[in-house]
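Pulled from Swiss-Prot:
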BINDING   His118  chlorophyll a ChlzD1 binding site
BINDING   Tyr126  pheophytin a binding site
BINDING   Asp170, Glu189, His332, Glu333, Asp342, Ala344  [CaMn4O5] cluster binding site
BINDING   His198  chlorophyll a PD1 binding site
BINDING   His215, Ser264, Phe265  quinone binding site
BINDING   His215, His272  Fe cation binding site
MOD_RES   Thr2  N-acetylthreonine
MOD_RES   Thr2  phosphothreonine
SITE      Tyr161  site 'Tyrosine radical intermediate'
SITE      His190  site 'Stabilizes free radical intermediate'
TRANSMEM  29-46  transmembrane segment
TRANSMEM  118-133  transmembrane segment
TRANSMEM  142-156  transmembrane segment
TRANSMEM  197-218  transmembrane segment
TRANSMEM  274-288  transmembrane segment
Amino acid sequence: MTAILERRESESLWGRFCNWITSTENRLYIGWFGVLMIPTLLTATSVFIIAFIAAPPVDIDGIREPVSGSLLYGNNIISGAIIPTSAAIGLHFYPIWEAASVDEWLYNGGPYELIVLHFLLGVACYMGREWELSFRLGMRPWIAVAYSAPVAAATAVFLIYPIGQGSFSDGMPLGISGTFNFMIVFQAEHNILMHPFHMLGVAGVFGGSLFSAMHGSLVTSSLIRETTENESANAGYRFGQEEETYNIVAAHGYFGRLIFQYASFNNSRSLHFFLAAWPVVGIWFTALGISTMAFNLNGFNFNQSVVDSQGRVINTWADIINRANLGMEVMHERNAHNFPLDLAGVEVPSTNG
C-alpha cells in the first residue's frame, strides 16, 4: 500500500512538472524545446564571453603559428574573435576530454567547436519552441518557418561550410573583423558575388528593408485619428481594440497613385505574407548557395570569355573581379602556402627565342 501511494505521489510530481513546462501562463514560455534550448544557449553564451575576454592564441592553420583573438591578448572589440578550431583537428569532434590537457584544448581552438555546436542546437530548439508555443495558443506555424531562414544561414556558415571544406578552421570566426575576413576569403575562393543565390539573398535583405520601411511609413501616415490636434496620434490606440487603427483604403489609394494601381496591395493578409516571405525566401536561397559553394560548386566564372577576332582578350568586369579575387587569395593564410591554388596549378607558358 505504501509503495502504491509513493508511485502516485511521484506521478503527480512529474505531472505538475509537465504542466509547468508546457504552461502558457508562465511569464516566459519554456516548452519541451526550451528544456534543451536553455542549457545549450547558456553554455554557448558563457563560453563565448569567457573566451572572447581571455582565451589564449589558437593555431588555426595547424602550422604552429597561433593567432590571438581575445581581449587580454591584445585585441579590441573590433579585432577580437573566437578563433576557429585548428586545421590539425579538421572535422573531428573535439570536446575537452579528447585533449591531453586544457592548455592543448585551448591551443587547438576547442572553445570554437563547443560554442558553435551548442549555439546551433540552441537556435534550432528556439525555432522548435516558437512552433510549440504557436501550437499551444492555437496559432498558425509560420513564425517558426520565418525564423528558419537565419537558422539555415547560421548552419550554413558554421557547420555545412566546414564540412564541405574538410575542417572547422574554415568556419566563420566569432567576431566582427573575423566575419569580414571570412567574407573576403569566401569571395576569393568561391566568387560568391557572381552566384545567383547570393544575388537573391541581397534582393531579399535589401528588398525586405525597403518593404518594411514602406509599410511602416504608409501605416503611420494613414492612422485613424482618435485624439485632438494637441495630442499624439499614437495616444489614440487602445491595446486589444477591435477597430482598425489605420485606413488601409487610404494607404492603398496613396501608393496606387504614387506608383500604379496594381503595385499596391488591397488585401492586408496578402500584404503581410509578402512582407514575411520576401526576405525569408531570399535568405533561404543564400544559405543554399553557401551550402553548395561549401562543396566548391562556385559562382559563375566569365574570366577572359570575351575575345576579339584575333583571339585577344577584351577585359570585362568579370576579369577585374578575377584579379581582385587572386589578390585576396594571395593575402589570406599567407604563411600556410606560397601561392593560391589557381596560380600554383597553372603551367608556366613556354616562350620562344
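In case you wondered, yes, glycine gets a Cβ from its N, Cα and C as well.
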Distance between Asp170 ([CaMn4O5] cluster binding site) and Tyr161 (site 'Tyrosine radical intermediate') at the Cα atoms, whole Å?
7
Intrachain neighbours beyond the transmembrane segment (142-156), with Cβ under 8 angstroms and 6 or more residues off its ends
119-120, 123-124, 126-128, 130-131, 134, 276, 279-281, 283-284, 286-288, 290-291, 294
Cβ within 8 Å of the quinone site's Cβ centroid: which residues qualify beyond His215, Ser264, Phe265?
Met214, Leu218, Ala251, His252, Phe255, Leu271
Are there at least 3 C-beta pairs under 8 angstroms linking the transmembrane segment (29-46) and the transmembrane segment (118-133), leaving out pairs fewer than 6 apart in sequence?
yes
Identify, among the recorded positions Tyr161, Phe265, the residue whose Cβ has the fewest other Cβ atoms within 10 Å in this structure.
Phe265
Please indicate, using numbers and ranges, the residues of the same chain that are 6 or more beyond the transmembrane segment (29-46) and have a C-beta under 8 Å from a C-beta there.
20-23, 114-116, 118-119, 121-123, 125-126, 128-129, 131-133, 136
List of residues, in chain order, with Cβ under 8 A from that of Tyr126 (pheophytin a binding site) and at least 6 apart
Phe33, Met37, Leu41, Tyr147
I'd like the Cβ neighbour count for Glu189 ([CaMn4O5] cluster binding site), meaning other Cβ atoms within 10 Å of its Cβ, all protein chains included.
20
Out of His118, Tyr161, His272, point to the one nearest Phe265 (quinone binding site) in space (Cα versus Cα); all of them are recorded positions in the record.
His272
